[in-house]
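Database features (Swiss-Prot):
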{"type": "BINDING", "residues": "LYS191, LYS679", "note": "substrate binding site"}
{"type": "BINDING", "residues": "ASP194, ASP198", "note": "Mg(2+) 1 binding site"}
{"type": "BINDING", "residues": "ASN221, ASP224, ASP446", "note": "Mg(2+) 2 binding site"}
{"type": "BINDING", "residues": "ASP648, ASP672, ASP676", "note": "Ca(2+) binding site"}
{"type": "SITE", "residues": "ARG183", "note": "site 'Important for ion transport'"}
{"type": "SITE", "residues": "ASP228", "note": "site 'Important for ion transport'"}
{"type": "SITE", "residues": "ASP235", "note": "site 'Important for ion transport'"}
{"type": "SITE", "residues": "LYS476", "note": "site 'Important for potassium independence'"}
{"type": "SITE", "residues": "ASP680", "note": "site 'Important for ion transport'"}
{"type": "SITE", "residues": "LYS691", "note": "site 'Important for ion transport'"}
{"type": "TRANSMEM", "residues": "8-28", "note": "transmembrane segment"}
{"type": "TRANSMEM", "residues": "57-77", "note": "transmembrane segment"}
{"type": "TRANSMEM", "residues": "136-156", "note": "transmembrane segment"}
{"type": "TRANSMEM", "residues": "168-188", "note": "transmembrane segment"}
{"type": "TRANSMEM", "residues": "294-314", "note": "transmembrane segment"}
{"type": "TRANSMEM", "residues": "323-343", "note": "transmembrane segment"}
{"type": "TRANSMEM", "residues": "374-394", "note": "transmembrane segment"}
{"type": "TRANSMEM", "residues": "416-436", "note": "transmembrane segment"}
{"type": "TRANSMEM", "residues": "483-503", "note": "transmembrane segment"}
{"type": "TRANSMEM", "residues": "527-547", "note": "transmembrane segment"}
{"type": "TRANSMEM", "residues": "621-641", "note": "transmembrane segment"}
{"type": "TRANSMEM", "residues": "698-718", "note": "transmembrane segment"}
Amino acid sequence: MNMISYALLGVILGISGVIYAVYLAVWVLRQDPGNEKMRFISQAIATGARAYLFRQYRTLAVLLVILAVLILVAIDMPRRTFGLTALAFIVGALGSMLAGYLGMYVTTRSASRVAQAAATGGMGKALLVSWRAGAVMGLSLASIALLLISGFYLVFRSVLPDDWAVPLVALGFGASLVTLFMRVGGGIYTKAADLGADLVGKVEAGIPEDDPRNPGVIADNVGDNVGDVAGMAADVYESYIVTVTAAIFLAAILGLPTQFIEAIILFAALALVATFAGVNLLKTTGVKHPLSSISLAIYATIGLSVVLFFIGAFTLGLDSTKALALAATTSLGAVIAPLIVKITDYYTSYNYGPVRKIAEQAKISPATVIITGYGVGLMSAIPVIAVIVAVLGISYMIGYYTVPVSGFGELSKYLAGIFGTAMASVGLLVVAGIIITADSYGPVSDNAGGVVEMAGLPDEVREITDVLDSVGNTTKATTKGYAIASAALAALVLFIALIFEIVYSASKILGKGIVDMISESLSGLQLINANVLIGAFLGVALVYFFSSRTLEAVGRTAMEIVEEIRRQFREKPGILEWKEQPDYARVVDIATRRALGEFLIPGLAAIVLPLITGLLLGWNALAGLIMGAIVAGVPRALLMANAGGAWDNAKKYIEIQGLKKTEMHKAAVIGDTVGDPMKDTVGPSLNPLIKVLNTLSVVFTYVIVSTNIALGIWPSGLLPF
């Protein structure tokens, strides 16, 4: 097969995946939605989620149009790329929106169907419905990403034979930008609604979780979908697009044989084939422990992907050493996915020591719960970082000795190693379909439990949905670790791509050889260069600013929701006596309005700061900013996500021991409340932040380098070195 054939294969499989996702969606929606009350609850959740998403998309549309025009004028017109960079940016953004909407459309309508399946078909049927609802999201994500990458690659190679790589990366920039706002806005919504509903409902009014008398209960369930489904899907979709396009970009700019570009697209296509199989490998008959069935489906998918990588590598026409090296580095990335999931599980599941240690501290006070949980979160970052470092080192060495980079003098071997790390990153991301299937299953089962509670179904039905929900909490927590690790590797690959695009742009503008430009550029990137250090501190500061703004936004929004729920209880005392209907829509509207208002400032900071830094301080200050954001952002995201997950499950561990409404339980609830915005707002929002910084910089590199040269600050930056 030639290069065009592999890209066509990607297009065909991408379309096939979308069709299969639609088939699964139709199957799920044909299931019995239950009685009238169950349908009402499910419809209320779906309506609230759709209203939020559409209002968010309308808000984003203005920013996307402004940036598309800027890219057209500043990038496409000077480089004569026929507007394709702007087009890729818009399509990448629309793809992210579509992936989020498709998955959320099905998951919000699945809750009553899972609840009814639990009532009539037991554990097995309920598990199947919730799993297939999650698979709609997983398959949509992977298929749309593969379709866009393969399709745009075909178009760009045909229209722009010599300058097609940067427009392809713009696909990732569009996806990154939408994801950033979806993660921030969705995270603020979901945790503010959760906090508001719990603080007034459970703590003040003393009513159970998901009680229909709570005016915030629908907003809480809507938040599960806009944050945990649409947000997570957009996050991993973006990482997929960014990593694969950056790897293709590197292969092109390093002048590698076309088989290496073919390998990237081929491996992504083969992983999607494995995902088709994995989605159908879930055992549901006679199952008592759903987590084991889900884990088996994930392991089988990744194992099949690895086998297909090695088989596919030998169809590329490379010698056996290079084929094996490509398959090995990609497989290395794929096999660490379950390892990262397992590490996260160890630190966030109540089956292991760290969470039980937090639960034990609840016997003393909320303060010791928070202190111990924070310590667990700090420690949890270490093994994940160790795995990332090991993968980078091993894949670098494989690439160093096998990838045929030439024409860069003494740097050729070093650059070959860099491509090896890019392939490992590709391996981690192309198995995203099955990981997101497991993640999206979580909110579906969570909402199903809420429907059972609100509809007043029998206790035995609630027991089934509680088991499914417990497994869903585990899959949601562990997927956060995967998303953060994948974001880290994607950001590192993009960072290398950025440096080479800077060199390439300077070479074109100044008319110098690329080898000379590499040597000249690296002199401006030394760690003792003041510009680099200034940029690094700015990157760290951006991470902390971003974390602060999102945390405070949750608090402000939750405060308004709390006041509204209190007002309804005060003005309508019949609500608590089952005599009056709560105004669910009012709370949904508050959460929507405040979340959309709060996400603009941190989002705009992620766009404006790198552009100003690169244009005025110099390209090396921009490089320092990005590296500072990566080094500060990845451990902080792991801390936030895992500490929050550990606090959550410490509370659940106390509950399963029958210790609800004790002082010990109250202490654990406080820890869980503190951890909620950390694990579902701040931590997840840092993933797209570090990728937006990279993709934005790659797309605007030509403008940044041109400005640096015009201002006389190339290559050393504003401060002389």
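Using the three backbone atoms N, Cα and C, a Cβ is placed for every residue, glycine included.
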Among ASP194, ASP198, ASP224, ASP648, the one of these binding-site residues whose Cβ has the fewest neighbouring Cβ atoms within 10 Å: ASP198
Proximity verdict for the transmembrane segment (416-436) and the transmembrane segment (621-641), three or more C-beta pairs under 8 Å: no
Those recorded positions, out of ARG183, ASP194, ASP235, LYS476, ASP672, that come within 10 angstroms of ASN221 (Mg(2+) 2 binding site) at the Cα: ASP194
Sequence-distant neighbours of ASP672 (Ca(2+) binding site) in its chain (C-beta under 8 A, six or more apart): TRP647, ASP648, ALA650, LYS651
Top partner of the transmembrane segment (621-641) among 136-156, 168-188, 294-314, 527-547, 698-718 - counted as Cβ pairs under 8 Å: 527-547
Criterion met for the transmembrane segment (483-503) and the transmembrane segment (136-156) (at least three Cβ pairs under 8 Å): no
ASP198, ASP676, LYS691 filtered to the recorded positions whose C-alpha is within 10 Å of ASP228 (site 'Important for ion transport'): none
Position of peak Cβ density within 10 Å, selected from the recorded positions ASP228, ASP446, ASP676, ASP680: ASP680
Fewest other Cβ within 10 angstroms of its own Cβ, chosen from the recorded positions ASN221, ASP235, LYS476, LYS691: LYS476
LYS679 (substrate binding site) versus LYS476 (site 'Important for potassium independence') - Cα distance in angstrom: 10
Shell list (Ca(2+); ref centroid = CB of ASP648, ASP672, ASP676; cutoff 8 A): GLY644, GLY645, TRP647, LYS651, GLY671, THR673, VAL674, GLY675, LYS679
Distance from ASP224 (Mg(2+) 2 binding site) back to ARG183 (site 'Important for ion transport'), taken between C-alpha atoms, in Å: 12
Cα-proximity to LYS191 (substrate binding site), 10 Å cut-off, over recorded positions ASP235, ASP446, ASP680: ASP680
Among 136-156, 374-394, 698-718, stretch most in contact with the transmembrane segment (527-547) (C-beta, under 8 angstroms): 698-718
